[in-house]
Amino acid sequence: MLTFIGLGLYDEKDITVKGLEAVRRADIVYAEFYTSHLMGTSIEKMEELYGRKVTVLTREDVEQNTSWLSLAKEKNVVFLTGGDAMVATTHIDLRLRAIDMGIDTAIIHAPSISSAVSGLSGLQNYRFGKSTTIPFPYTRRDKTIISEAPYDTIKMNRRNNLHTLVFLDIDREKGFMRIGEAVSILMEMEERRGEGVLVNALAVGIARAGSDSPVAHADYLEKLKDYDFGRPLHTLIIPAQLHFIEAEALVKLCGAPQDIMK
Ligand SMILES: C[S@@+](CC[C@H](N)C(=O)[O-])C[C@H]1O[C@@H](n2cnc3c(N)ncnc32)[C@H](O)[C@@H]1O
């Protein structure tokens with residue numbers, strides 16, 4: 001049996017009671033932290049609470065070298081992921097591979113950044129379009145390459161009057177992207193493309209959702225760049241036109257400028 005268990009947003013205690021019981025019953029516990037990361041804990045703290053050794057898999061182990069999956073034919077294997085295991089990950093691929101190998105699978109859900117952003121910002125969950133990720137720029141032949149995919153997603157969503165949830169890259173070497181870096185990248189894209197998608201755009205930055213001191217702050221994009229959101233993880237929302245209750249929520253919950261209520 002292979003069970004996908006979401007760990008929630010911030011520390012080892014964000015797992016659900018069902019998830020905790022399943023980890024404690026497991027023969028083998030695997031985890032991956034390249035799609036998301038619980039910043040308020042450590043492997044040692046997880047192992048102490050869960051009462052099991054946790055083996056951390058790399059992206060290669062999860063996406064290519066999946067021979068470990070065959071252990072789930074005989075044993076009770078669980079696979080832990082930050083947030084909800086199937087939100088903004090490619091773990092459905094792992095589940096389908098397991099099914100093809102004759103392994104039973106199940107999911108135990110957990111809080112996800114996708115739902116937390118609506119709670120923290122007051123933006124309506126049903127008004128979000130396709131989400132996107134801003135990857136770290138990289139250099140090729142002395143040229144800095146910046147992916148324009150996030151710009152296109154925001155453009156499409158805005159055209160359809162939908163909010164965009166923008167995840168920020170997690171990189172083994174470069175670390176956790178922060179809101180300031182993400183805003184600079186978006187402004188650079190706007191300069192290159194010049195289509196006006198992000199001119200005078202409002203944005204909402206979210207930091208450390210799920211912790212005791214999450215930050216949700218809204219302002220015009222250029223101003224958000226210099227706001228101190230503190231430690232990661234960070235994420236960004238580019239809102240569509242606001243419903244009047246959403247505007248009120250952004251002012252009252254996220255300190256947005258009053259003029260957005262006009
Ligand atoms: C690719 S998504 C994976 C989402 C995860 N499966 C879930 O359901 O929450 C990971 C990105 O979401 C954002 N994120 C995740 N947890 C967060 C948190 N607690 N606070 C702020 N942003 C977070 C960060 O931008 C991070 O790089």
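From the backbone N, Cα and C atoms, a Cβ is placed for every residue, glycine too.
Note that TrEMBL annotation is computational and uncurated.
These features come from TrEMBL:
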DOMAIN    1-189  domain 'Tetrapyrrole methylase'
BINDING   Leu9, Asp84, Val87, Ser112, Ile113, Leu168, Ala209, His234  S-adenosyl-L-methionine binding site
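Shown on the structure are the features that TrEMBL records.
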residue: Leu9; record: S-adenosyl-L-methionine binding site; Cβ within 10 Å: 25
residue: Asp84; record: S-adenosyl-L-methionine binding site; Cβ within 10 Å: 25
residue: Val87; record: S-adenosyl-L-methionine binding site; Cβ within 10 Å: 20
residue: Ser112; record: S-adenosyl-L-methionine binding site; Cβ within 10 Å: 21
residue: Ile113; record: S-adenosyl-L-methionine binding site; Cβ within 10 Å: 23
residue: Leu168; record: S-adenosyl-L-methionine binding site; Cβ within 10 Å: 21
residue: Ala209; record: S-adenosyl-L-methionine binding site; Cβ within 10 Å: 23
residue: His234; record: S-adenosyl-L-methionine binding site; Cβ within 10 Å: 23
Conformational class of Ile113 (S-adenosyl-L-methionine binding site) under the three-state DSSP mapping: helix
Per-region confidence, the domain 'Tetrapyrrole methylase' (1-189) (mean pLDDT, whole number): 97
